[in-house]
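Chemist: I'd like to ask you about the structure that follows.
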């Protein structure tokens, strides 16, 4: 027998290892994969090899109900999670929550008749789908939609699909809840059967939560009737398992202390930077724009050079906030976690479809400070769930009353803008709620959301620096011991104060962790990403534009005028550029006053600024009054196909401007108001009228 040489031995060893690997599926050397290790990569399901076939997923996980969500700010995702939990605990459904962008939809025609699909869909902007729902919406609403079995739309390919749906909208927008309405129409057209009514929540009226609660009860009745379900006593069942790890040190390299993913943990942030993976950007400069002592407005320049992030004029920047230390301490103390705040914990889903909202191992402090929306408005349904864990019978009785009486809840909680820790603190007179499972808090509070700001700089002028203009939010509610502080704007104010060398950079004692996890934000950094917008200048710079932006609504218009001034300096022809701006007093909050003077020099007679000072004269003057005053000039420009832009408060100013514009057109052109309203609608449809507004 010939002796084996070295090469033969190597080949045989490789074959042996391969054979063992095949038959054991890698059991003997299985390595835990960090789910946040590649979080920056879009289409995570495909990247990790997970099936994008929802029918297969339901079958392999033993589920009979999937709750899809289309969410921009986290609210729709929260409602989807709540429906999934309730469907399981009250009615015995085996549920899973699914992000719409994680699945394909060609096989919805194979959806089993005995299973249920739930769609919780937010409408974003001017009737658009949320970012994670774009592909689903385009697919399901297409005229030539094609499914796996090849059945045409006319032959009802979704006849086996049973579904319920709830929409999140804002009545201050023209296309109120259009996402849920259009999806519902598309599903019905394709033969699907809806159980109950298509619910609609209205954020504009401030009734979203109550709309949701009022819709879901009759919806569950319809589902039970159609699927033969019976209600059972609901008992809290955790979605996540929390494992305390007292033997681990919080400073160990593998412990997440607020880092969003593995690359950030290892100190090596990598793009693409997006809604799952922020860029830790230096704040190049910052300044105070107001001269009033009791109000702050910040101008900041955020440096994105070297990140491959890009923006175009009119886009938004997302700022990832950190919770104020004052509220983190309150939350930790009221849950009785003071002695454990830096305890290392593991967090994992008890169900294979459960999505852990932040990377672990981490600590209680890091999870609360960087990942949980602890200052969000409180949900009445959440209060009902927590009541079972009250430290005293009196606190339990009060929580039960709050959970069951919407008017009482509104008076005691909503009207006073209490967050969950503030509410618990008041109800127990500061006695800790030590029985509340931490898993319940993770489930009941949404993941902390980035806040979006209109970019106030032109990408043509400064492509590597993004400007933002933000009023620092602070308001006192009647009968409330707490001053409502904007989480993100006060964080930015503290960063600005630190940058300017303030000995106490936190003017309101909120105690932000300004240097970030492991001091990775030191040197004045903030996590950001860019969201592209449809709010754009006309491609032809000679087109006239009319802009309406009171207060910080002027932010994108500073960018628009900055861009046109640059074009004019370069010798380009630029059209008439008219800005209506409003503020309280010329000497206090006339934003960018000196810059407008420079732009007037650059643009000459092509730049016209109309300013309304609401508190400088005997009568209050708003931008609406100035628009009316210059109605003739405005209408002439509109007849020259001027683009009309509005930025600011949706509920009042933007709505009033919309109505006023129709009245002006009616009067100036001598047409009925109904005809003028149609003209305004046509302007919107053709993007001649654009809004960048908030509620």
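Even glycines carry a Cβ here, placed using N, Cα and C.
Feature annotation from TrEMBL assigns FMN binding site to 71-76, 122-125, 168-177, 203. The NADP(+) binding site annotation in TrEMBL covers 295, 552, 614, 615, 620, 621, 622, 623, 624, 656. Feature annotation from TrEMBL assigns FAD binding site to 451, 452, 453, 454, 469, 470, 471, 486, 487, 488, 489, 694. What TrEMBL records for 65-220 is domain 'Flavodoxin-like'. According to TrEMBL, the feature domain 'FAD-binding FR-type' maps to 276-538.
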Chemist: Using only C-alpha positions, which one of 71, 122, 170, 471, 487 is spatially nearest residue 620 (NADP(+) binding site)? These are the binding-site residues in the record.
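Modeler: For residue 620 (NADP(+) binding site), the spatially nearest of the binding-site residues is 471.
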Chemist: So the record assigns 451, 452, 453, 454, 469, 470, 471, 486, 487, 488, 489, 694 to FAD. If I measure every Cα pair among those residues, what is the longest distance in angstrom, as a whole number?
Modeler: 17
Chemist: Is it possible to get the count of other C-beta atoms within 10 angstroms of the C-beta of residue 295 (NADP(+) binding site)?
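Modeler: For residue 295 (NADP(+) binding site), the 10 Å Cβ neighbour count is 15.
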Chemist: May I ask which of the binding-site residues 170, 173, 176, 614 is closest to residue 487 (FAD binding site) if we compare their C-alpha atoms?
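Modeler: Minimum Cα distance from residue 487 (FAD binding site) across 170, 173, 176, 614 lands on 170.
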Chemist: Which whole number is the mean pLDDT over the domain 'Flavodoxin-like' (65-220)?
Modeler: 93
Chemist: Measure from the Cβ of residue 622 (NADP(+) binding site) and count the other Cβ atoms within 10 Å, all protein chains considered.
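Modeler: So the Cβ neighbour count for residue 622 (NADP(+) binding site) comes to 18.
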Chemist: Using the structure shown, find which entry in 173, 176, 453 (the binding-site residues) has the sparsest Cβ neighbourhood within 10 Å.
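Modeler: Least crowded of the binding-site residues 173, 176, 453, by Cβ count within 10 Å, is 176.
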Chemist: Between 170, 614, 624, which of the binding-site residues has the fewest other CB atoms within 10 angstroms in the structure shown?
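Modeler: Lowest Cβ count within 10 Å among the binding-site residues (170, 614, 624) is 614.
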Chemist: If you count Cβ atoms within 10 Å of each one, which of the binding-site residues 451, 620 comes out on top?
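Modeler: Highest number of other Cβ atoms within 10 Å: 451.
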Chemist: To the nearest whole angstrom, what is the C-alpha distance linking residue 451 (FAD binding site) and residue 74 (FMN binding site)?
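Modeler: Rounded to a whole number, the Cα-Cα distance is 11 Å.
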Chemist: Rank the binding-site residues 122, 471, 487 by how many other Cβ atoms lie within 10 Å of each Cβ and give me the one with the fewest.
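Modeler: So among 122, 471, 487, the binding-site residues given, the one with the fewest Cβ atoms within 10 Å is 471.
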Chemist: Any same-chain residues 6+ apart from residue 74 (FMN binding site) with CB under 8 Å of its CB? Would you list them in sequence order, or say none?
Modeler: 373, 446, 447, 449
Chemist: How big is the NADP(+) site in terms of the longest C-alpha to C-alpha distance among 295, 552, 614, 615, 620, 621, 622, 623, 624, 656, in angstrom?
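Modeler: Farthest-apart Cα atoms in 295, 552, 614, 615, 620, 621, 622, 623, 624, 656 are separated by 26 Å.
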Chemist: I'd like the Cβ neighbour count for residue 489 (FAD binding site), meaning other Cβ atoms within 10 Å of its Cβ, all protein chains included.
Modeler: 21
